[in-house]
Amino acid sequence: MYSYVSEELPQLINANFPVELQRMSIFGHSVGGHGALICALKNPGKHKSVSAFAPICNPVLCPWGKKAFRGYLGTDQNRWKAYDATHLVESYPDSQLDILTDQGKDDQFLLDGKLLPDNFISASEEKKIPVVFRLQEGCDHSYYFIATSIADYISHAEYLNA
């Protein structure tokens, strides 16, 4: 999926639509938010911005991530770090990526320690990479949560016009 999203899909879009690949952005929700973060962080300079709703931010430390990484990548935990947004942001080469994340305060996955956004935010701050993190009152992990804030995410793409 990573190579499809980061390589094949942009080429397909470029071949069929009048776009400028040097002005891309990426977005996702939950595990897709994790995917958006890692695609942007593994490809410095390729994306102007990345936006994520309730992303899994530090999968090497959460039960879901450990199970998935063991299944897909084996037991070498150093290999896992190449697909963990918190570890990737620690080695990101510059601060030219704008990151927007929203998290529902009532998200059970957050409350159960499965998303770990604080780890990502701390690592980003240490690298001086700007992250707008909004903890949304009364919101959970549902698609309704996305519907309430999607306009902000479309506006976040303003970086594409810069």
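Yeah, the Cβs are placed from backbone N, Cα and C, and that goes for glycine too.
Under the heading active site, charge relay system, TrEMBL lists Ser30, Asp107, His141.
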Asp107 (active site, charge relay system) CB neighbourhood, other CB atoms within 10 A: 22
Other CB atoms within 10 A, centred on Ser30 (active site, charge relay system): 19
Integer Cα-Cα distance in angstrom, Ser30 (active site, charge relay system) to His141 (active site, charge relay system): 8
Ser30 (active site, charge relay system): secondary structure state under DSSP, collapsed to three categories: coil
Surrounding CB atoms that lie within 10 Å of the CB of His141 (active site, charge relay system), all protein chains: 20
